[in-house]
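Structure first, then comments.
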């Protein structure tokens with residue numbers, strides 16, 4: 001049975017009557033109380049939506065930092081085991097790929113796959129790049145920057 005995929009206008013047309021998380025990148029992560037009561041939560045106070053921001057930070061969104069001395073990518077990959085992940089440097093890009101086969105979770109069966117691609121700054125020492133995976137599922141990619149002549153003169 002084929003199911004028609006709805007376009008983004010469908011989501012906006014229904015406004016707050018449909019939980020937005022059903023249509024965004026967090027699908028399959030479960031619903032929060034503000035998803036189930038969006039009209040009620042917005043009438044209490046505009047500051048009530050703190051949990052929305054917290055859930056975004058815990059949802060697999062990457063953080064990229066380019067400091068003076070290093071370049072860092074942090075990516076939540078908690079749904080993937082180390083065997084499911086690959087990190088490659090191709091030319092001036094970092095490519096991170098994750099894929100796991102279908103498995104059962106609290107909501108049914110799910111398989112996941114993602115591709116992320118980041119441009120490396122020109123002054124990153126590619127020979128000294130490190131990549132690690134923490135126990136809580138945070139992938140951290142770090143590359144030190146080579147000091148340029150301009151940095152030394154300042």
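Just so it is clear, glycine is given a Cβ too, placed from its N, Cα and C backbone atoms.
Nobody curates TrEMBL annotations by hand; they come from automatic prediction.
The shown structure was predicted, so the numbers you read here are calculated from the model rather than taken from an experiment.
Feature annotation from TrEMBL assigns Zn(2+) 1 binding site to 100, 102. Taken residue by residue with DSSP, residue 100 (Zn(2+) 1 binding site) is part of a strand. Of all the Cβ atoms in the protein chains shown, 15 others lie within 10 Å of the Cβ of residue 100 (Zn(2+) 1 binding site).
The secondary structure of residue 107 (Zn(2+) 2 binding site), as reduced to three states from DSSP, is coil rather than helix or strand. Feature annotation from TrEMBL assigns Zn(2+) 2 binding site to 107.
Taken from TrEMBL, the feature Zn(2+) 3 binding site applies to 154.
What TrEMBL lists as domain 'SHSP' is 52-154.
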**Request:** Give me the Cα-Cα distance between residue 100 (Zn(2+) 1 binding site) and residue 107 (Zn(2+) 2 binding site), rounded to a whole Å.
**Result:** 17
**Message:** Limited to the domain 'SHSP' (52-154), I'd like the whole-number average of pLDDT.
**Reply:** 85
